[in-house]
Amino acid sequence: MKRDFVDLWDLSPKEAWEIVKKTLKVKKGEEELGKPLSGKTIALLFTKPSTRTRVSFEVGIYQLGGNSLFFQEKELQVSRGEDVRDTARTLSKYVDGVIVRNHSHTWLKEFANFASVPVINALTNMSHPCQILSDVFTLYEHYGEELKNLKVAYVGDGNNVCNTLMVGAGMFGLKLFVATPEGYEPNSYYYKKALEFSKENGGSVELTNNPVESVKDADVVYTDVWVSMGEENKNIEAFLPYQVNEKLLSFAKSSVKVMHCLPAKKGQEITEEVFEKNADFIFTQAENRLHTQKTLMEFLFREPQA
């Protein structure tokens, strides 16, 4: 039976932990993934621009022995009105898996439901599970098992990254404090899912509109762009108190690490000074997309055991 990765909860917490821990062994050279994609072709179907997601997946597919085909939506008949169900069923006859980056989460779920091959969410307006799985790996690589004792603060827009980070906190047992402007809170369904997972795994997720309250004594401060692709009409003024700058970080621990999923709009959600001070950690975070996604693909495309 095929496995999709449309939302983070398509993995059980146990499976997610296994991927994170295996990724560390592979990155250290203690374990090899081999060539699980040998003889396989993976399609990348993107409607949104991408640097890290596209390159990390294409390189990862190659390193796992597979071939990749990249398509923008405008190159396919779906852009002229073909039923998403028909596109999914057609591509499933040609390729062994599809990685989708699409504005609509509903569209992606419909595509996955009708595809007969594994489908991976490479970002929608609602969810970014590959990013958060990789981010948890970055924390695990740096802090080890202590990551469960960390205070992680997310400051900014309650967007797709924030939605999935909440779920990730619940699944991995992290303590997450989310601060967003009023009216820009994260999705209520993802918050509900995060609370459900938190009860099972010992984590916590708290929401506030006060950025100082969120970052107070934080070990990690995470931010993302205030204006995502296709959302250019936001009230930037409402976000100004949520900028990750030296003043805001003065309320966090002196050893605080800053995370950003990139691309960064320096001077908006984060200052140039803070970004450059934390550049090593931020670009390790970016690098880890490759390592984590390779382990994820090995898991999803693994041949079933007899």
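Glycine is treated like the rest: Cβ placed from N, Cα and C.
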Matching residue for the carbamoyl phosphate site, where Swiss-Prot names S50, T51, R52, T53, Q77, H128, P129, C130, Q131, C261, L262, R289 - out of R3, R101: R101
Cα separation, S228 (L-ornithine binding site) to S50 (carbamoyl phosphate binding site) (Å, whole number): 13
Residues satisfying Cβ distance under 8 Å from N160 (L-ornithine binding site), sequence separation of at least 6: L123, T124, N125, M126, S127, H128, S228
Those binding-site residues, out of R52, Q77, C130, C261, R289, that come within 10 angstroms of D224 (L-ornithine binding site) at the Cα: C261
